[in-house]
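If you check TrEMBL, you get these features:
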| type | residues | note |
| --- | --- | --- |
| DOMAIN | 390-530 | domain 'Phosphatase 2A Regulatory Subunit A helical' |
| REPEAT | 227-265 | repeat 'HEAT' |
| REPEAT | 344-382 | repeat 'HEAT' |
| REPEAT | 383-421 | repeat 'HEAT' |
| REPEAT | 422-460 | repeat 'HEAT' |
| REPEAT | 539-572 | repeat 'HEAT' |
| REPEAT | 583-620 | repeat 'HEAT' |
Amino acid sequence: MAEQMSVDTVPPTAPVHYDFQDAQSGDLGALAAIADAMKSDSLADRLESLKRLGVLALAMGEERTREELVPFLDESIDDEDELLLSLAEVLGDFVQYVGGPKYAYVLLRPLENLAAAEETIVREKASTLAVESINKLVDVMDQPQVEEYLIPCIARLSSGEWFTSRSSAAGLYAAAYGKVTDAIQSKLRAGYEALCKDETPMIRRAAAANLEGLVGRIEKDHVVTFAIPNFRRLAGDDQDSVRLLTVEPLVAITKRLDTEQCRTLLGESVQRLCGDKSWRVRYMVADHFVAVATNVKDRGLQEELVNVAIALMHDNEAEVRGAICTQLDGLADLAAPDAIVTRLQGPLQELVDDPSQHVRATLAKHIGSLCRVFGKEGTIEHLLPLLLRLLKDTFPDVRLNIISKLDVVDRVVGIDSLSQSLLPAIVELAEDKQWRVRLAIIEYVPLIASQLGVHFFDEQLSNLCMSWLGDPVYSIREAATTNLKRLTEVFGVDWARSTIIPKILAMATHPNYLYRMTTIFAITTIAPSVTPEIVRDLILPSLEGLVNDPIPNIRFNVAKSMEPLTAALRRSPDTAPLESSVIRPTLARLEEDSDPDVRFFAHRSLLAIGSAAQAPVATA
C-alpha cells in the first residue's frame, strides 16, 4: 500500500518530524509529509495527517482517492482508539473528495468496519460517529445505491457476532427506510424487530434508543402493527436501562395516533411506565411528562395522568420530584383550572419544604408559571405565601430562582400586590451573603421602582441602591452603577440631580479608594442619561478633584472617563467649549503623570476625543 499511496516528490528530509503548514497551498513536500505521516509510528503525526486528509485527497484526485486512499484508510482500521475516532468523523464529510454523491458508497466499507469496532469507551464513540457519518452518506445516496450498498451493510452489521456491530446497525434503519422499495422496507422492519428481541441487553438498548427515528419514517398502519408491539416489548423489558429509553419513542408514537388509538393501544403502557419500579424510568417519564400527556390527546386519560403527576411529586427519589417540577407549566393545562388549583395545593406545600435543595430550587424556577392558571386571586391566596417561603430558603439557588422569575408573577397579580407581600423579603435579600442573590435583586429594582413610583422608591429603596455602590464584590458595584442609570431613565433627570448624583459625588472624598473608584464608574455610566449642564455643574468639578488622587488607578480611570463626558458636553453649544478649556488641559496634565498607566490612558482618551471631533457635533 505504501507504493499506492506515494506522492510523486522527494520524501521529507526529517522523517521524525512532519511540517504540515504548507499543505493547504498544495506544496508537494508538505503533501508527501501527510502521506508519510499516515504510516508513522507517532500517533500525534497520524492524527495530524487525518486533519489534512482532504488536502491530500484533492492532490491525488477523485479516482485515486477512491482506488487508493479509501482502501488504505480501510486497512488502517485496526489501530489506536483516538485514530478511529478521528477517522470516523472525517469520512462523513469525505463525499466531495471521492467524486460526489455518485460515489458516496465507496466510503461505506471503512465506516462499516468502524461501526463494528470492538468496544472500549473510545471505540464505542467511534462506532457512534461512524453511524452518524453513514447517515450523512445516505442523505446524498439515491435509491439504487442505498439498495445495492447500504442494505447489505445493514444486514452484515445486524448479524454481526460482536454486539457493537448490531448496536450500530440499529442506528441505520431509519435513514435507509425512506429510500427503498416496499419489499425491502418489510425486511427492514423484520430486521429491526429481531434487534428488539436480541438476547443482549446492549442491543435492545440500541433498538429502544433508535425506535423514535424509525417511528417517524414508517407508515401509520405500521405504527400500529410494528412500532407499538415492539415498544410494548421494550417497555416491558427486565432491564431498566432498556425501559427508560422507551419514553421518547412513546412520545413519537402518540404523535402518529388519533385520540381513540392512544386510549386503547397505549393507555395501559403509559400507566405502567409512570409507575415503574425503577426510579430511573420514572425520572424519564417525569422529564417528558407533558409531552406524553399532551400527545395522548384523550381527555380522560389526561385527567388520570394528572393524578400520576401528583404521585410523582411524592416520589421517594428527589431526582423524580425535581423532574416533575419542570413540567408544572404544561401540567396545568391537562385539566380544568379549578381542578388543577385544588389538586396542586397540597403537593406544592410539601415541595416547598422538600428535604432536597435541588428539588426546592427547581420548584422555585417553575412555580411562577402556575400563576396564569391560578389567576390573580388564587395566586395571592395560594402561591404568594409559597413564594415568600421560598424567598427565605436557606439555599441561595432557591432564592435566586424565585427572584429571577418575579416578573412572571408581576404580570398576573400586579406590582402593588407583589410588593406588599414580598418587598420586606426582597429588601432583606438585598443584603444576602450570596452575591448572586444580591445581583438578581439589583436587576429587579428598576421594575419595582417603575411600578411603585418615585415617592415609594425614595422612602424604601433609595438608601439600599446607594449601599450597593460600596459592595465588596465588583460585579455588584458594576451592576449598581447600571441600576442608577436605569433609574435615572425611569424617574427623570431632575430626580437624579437632586437625589442620587449628590450621594454619588459625596463618595469622591471617601478615604477608601474603592468608593472613589466607584464614584468615577457611576458618573461615567449615568452621564449619557443626564443633561450636559449637570455634567458641567456637578460631575466635572468632582472629577477634577480626583485628578491629583494619590492612587494611580483613580487617576487613570479619571482619564478614561473624560471621553464619555466629552460626548455628553458636546450635546449642547453652551457646554461644548469645556472640551478645550477643561477636558483637554486635564488630560494634558495626566499625560505627564509619573505613572505609565495614567499617561497611557490619558493619551488614548485624547486620541479618541480628537477622532470623535471629526464627526458632526450634535446639538441639543
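Including glycine, each Cβ sits where the backbone N, Cα and C put it.
If you look at the repeat 'HEAT' (383-421), the same-chain residues 6 or more away from its ends with a CB under 8 A from one of its CBs are 348-349, 352-353, 357, 360-365, 367-372, 374-376, 428-429, 432, 434, 436-437, 440-441, 444, 447-448, 451-452. Beyond the ends of the repeat 'HEAT' (539-572), by six or more residues, the same chain brings 501, 505, 508-509, 513, 516-517, 519-521, 523-524, 527-528, 530-533, 578-579, 582-583, 586-587, 589-590, 593, 595, 597-598, 600-602, 604-605, 608-609, 612, 617-620 to within a C-beta distance below 8 angstroms of the stretch. Outside the repeat 'HEAT' (227-265), and at least 6 residues removed from its termini, the chain residues within Cβ reach (under 8 Å) are 192-193, 196-197, 201, 204-205, 207-209, 211-212, 214-216, 218, 220, 272-273, 276, 278, 280-281, 283-285, 287-288, 291-292, 295-298, 300-301. Per DSSP, the repeat 'HEAT' (539-572) is made up of 26 helix, 0 strand, 8 coil.
Helix, strand and coil residue tallies for the repeat 'HEAT' (422-460), in that order: 33 helix, 0 strand, 6 coil [DSSP]. Counted with DSSP, the repeat 'HEAT' (383-421) comes out as 33 helix, 0 strand, 6 coil.
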